[in-house]
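Next up is a structure, given as structure tokens.
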Amino acid sequence: MCSPSTSDVRFITFVNTTYIEAEGLEAIFDLLLKIEVGFLVFSWIEFLYLFYLFIFIRSMHFNLTFLFMNYGGQYFCSMLSRCIIVYQQLGNDPNNDLHNWILVANFARTVCLFIAMYILPIFMIERCLASFFVKNYEKSRKIWVSLMILSIFHPLVFASAIAYIQCWIPVVVHVISFFIVNIIGYIGIHICYSYNIKKHRKFYSPQCISRVTYGLSERFQLAENIKMCKVLKKVQISILFFNIGCCSILLMDHFQVKMMIIYWSYVCFNFFALVYGITVPIILYSALPEWQKETRRLLNLCIGRRNVGEEPKSTFGEQMIYNDHAIESNIYFTQFNKTTH
């Protein structure tokens, strides 16, 4: 629903505080805003630590890291925009000096939320390309992959966000588009995972081992594809769940209901988006042992405790038991020599 109060433009979860005051709900609204501030503070701390892990701890391929940092970048802009909006809504701008900044913040937040809602397919495309270039993807950064994905993704999302803001397309069309894109991204990762599993098993078949038709780098990349598809499947479930919830709330703009009901749905959306932004990094963290190891190292450093060595694990993070290290080493290098001679 385009609002006359916003010059015939539509922003995601734009709440007119004048209407809230007229309804006598200012105290409740202010309380909810203060609770939201608490969530925002936690989100900032979480974001800064996540950024540190992305920069200094290599836990995935460069392209996947770059795409996740792009995902985090939109959340940073979204949080910054939301902080400006909340600051004004808490009554810190009685003379409306921040009017232009509020419009910019609403515009930026709407665009960033569109990026978050369309994000799933970019991870799917990156993993599909990693599967296609399996022979040398890990050895080469292939920066062009992430740049190509983002150069196509951002203009399309930006155009969609502008169409939403300018009321060129009905809300229901945007919501249907969100659903379709998210489902395609979710199914695509499952297909990519199944393909890599099948190919990985084929490489370990007796016929393939005897013919030695694969290289160690290719086998490693396949294992890496499978591992990261597992990680993405966990992250995707949370993204899909929250995207469906947020998109469903946006449908309130499509129906003729009381303005107060719409505003309460917007409040729910804001909290839903915050929980979304807090939960996804936690799920990603829980799926990456490298990040967990770095966190333990930092905690031990803070409390002055010596870091404890860890038992070796397999490619897929499973515990490995060595009864005789010499025998295990001989087996490994025997297999290595077979593939190189």
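Cβ atoms here come from the backbone N, Cα and C positions, even for glycine.
According to Swiss-Prot:
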TRANSMEM  37-57  transmembrane segment
TRANSMEM  64-86  transmembrane segment
TRANSMEM  101-123  transmembrane segment
TRANSMEM  143-163  transmembrane segment
TRANSMEM  169-189  transmembrane segment
TRANSMEM  235-255  transmembrane segment
TRANSMEM  264-284  transmembrane segment
Counting Cβ pairs closer than 8 Å, which of 37-57, 101-123, 264-284 has the most of them with the transmembrane segment (169-189)?
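The stretch with the most contacts is 101-123.
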Give residue numbers and ranges for long-range contacts of the transmembrane segment (101-123): same chain, 6 or more residues beyond its ends, CB-CB under 8 A.
6, 11-12, 14, 64, 67, 71, 74-75, 77-78, 80-82, 84-85, 88, 149-150, 153-154, 156-158, 160-161, 164-165, 178, 181-182, 184-186, 188-189, 232, 235-236, 239-240, 243, 246-247, 273, 276
Select the range from 37-57, 143-163, 235-255 that forms the most Cβ-Cβ pairs under 8 Å with the transmembrane segment (64-86).
37-57
State the non-local partners of the transmembrane segment (143-163) in its own chain: residues 6+ outside its ends, Cβ under 8 Å from one of its Cβ atoms.
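Sequence-remote neighbours of the transmembrane segment (143-163) are 62-63, 66-67, 70, 110-111, 114-115, 118, 121-122, 125-126, 129, 169, 174, 177.
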